[in-house]
Amino acid sequence: MAAIIFDLDGTLVDSVPDIHAAVTLMLADHQASPMDMSQVRSFIGNGVPALISKVMEARDEDPADAKRHAQLEATFMRHYTAAPAKLSQLFPGVRKALLKLQGAGHAMALCTNKPIIPARAMLASFELENLLPLVIGGDSLPVRKPDPAPLHAAARAMGADPVLYIGDSEVDAEAAERAAIPLMLFTQGYRKSPIAALTHSATFDHFDELPRLISRFADR
Ligand SMILES: O=C(O)COP(=O)(O)O
Ligand SMILES: [Mg+2]
């Protein structure tokens with residue numbers, strides 16, 4: 001029975017609204033004007049330090065200014081951990097699909113570049129913590145996706161074979177390829193490239209399709 005690893009932002013949860021809200025509060029605290037939601041969405045995928053660097057670049061600040069970067073990151077995290085799941089929503093069908101997969105006996109884990117504290121808080125808000133008890137966050141290991149190590153760590157912890165990965169982005173495709181784990185690409189997330197540009201084993205547009213897709217894939 002295949003074990004399944006899920007990405008979080010842009011895969012299970014449309015999390016941009018809360019990330020955008022925390023960026024807006026961070027910018028306000030540092031006397032800067034807000035940024036629109038679509039720009040913030042394009043900065044998501046490589047974790048919080050990369051998000052802060054991209055915000056700095058967009059504002060003609062030098063992301064290599066470590067002191068300024070650390071200040072902004074601390075401000076962002078203060079706002080974000082206070083409300084990681086106030087405006088965000090699960091993508092349609094996520095809960096039903098996870099319940100179905102759990103019922104079918106699949107071991108499941110979360111592997112996200114989001115720091116572990118807001119990642120766990122988000123799972124709790126959506127009452128998914130029992131479905132995804134194992135969480136590898138962006139700060140759980142010295143490296144994050146697209147390094148394959150977080151996927152390997154999740155796979156090892158579940159101790160099951162084969163393993164499938166469900167994600168939405170360029171980062172997920174690269175991590176899966178480097179980990180030699182098949183990726184099922186959710187097409188409605190935060191990907192910036194065309195589907196064909198990303199290495200994947202299957203695609204799906206709605207979580208209602210996922211349980212059948214996984215059982216067909218595992219039966220091959
Ligand atoms: O925090 C990010 O930038 C992305 O998070 P994800 O790995 O859950 O998509
Ligand atoms: Mg993602």
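Any Cβ shown, glycine's included, is placed from N, Cα and C.
A TrEMBL annotation is a machine prediction, not a hand-curated record.
Among the features that TrEMBL reports, active site, nucleophile is placed at Asp7. Marked as Mg(2+) binding site by TrEMBL: Asp7, Asp9, Asp168.
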Structural state of Asp168 (Mg(2+) binding site), classified by DSSP into three states: coil
Separation of alpha carbons, the residue listed as 'active site, nucleophile' and Asp168 (Mg(2+) binding site) (Å): 7
Where Asp9 (Mg(2+) binding site) sits in the secondary structure, as DSSP reduces it to three classes: strand
Other same-chain residues whose Cβ falls within 8 Å of the Cβ centroid of Asp7, Asp9, Asp168, the recorded Mg(2+) site, in sequence order: Leu8, Gly10, Thr11, Leu12, Gly45, Thr112, Gly167, Ser169, Asp172, Phe186, Gly189, Tyr190
Lowest local Cβ density among Asp7, Asp168, which the record lists as recorded positions, within 10 Å: Asp168
Residues among the recorded positions Asp7, Asp9, Asp168 that border ligand 1 - Cβ under 6 angstroms, in sequence order: Asp7, Asp9
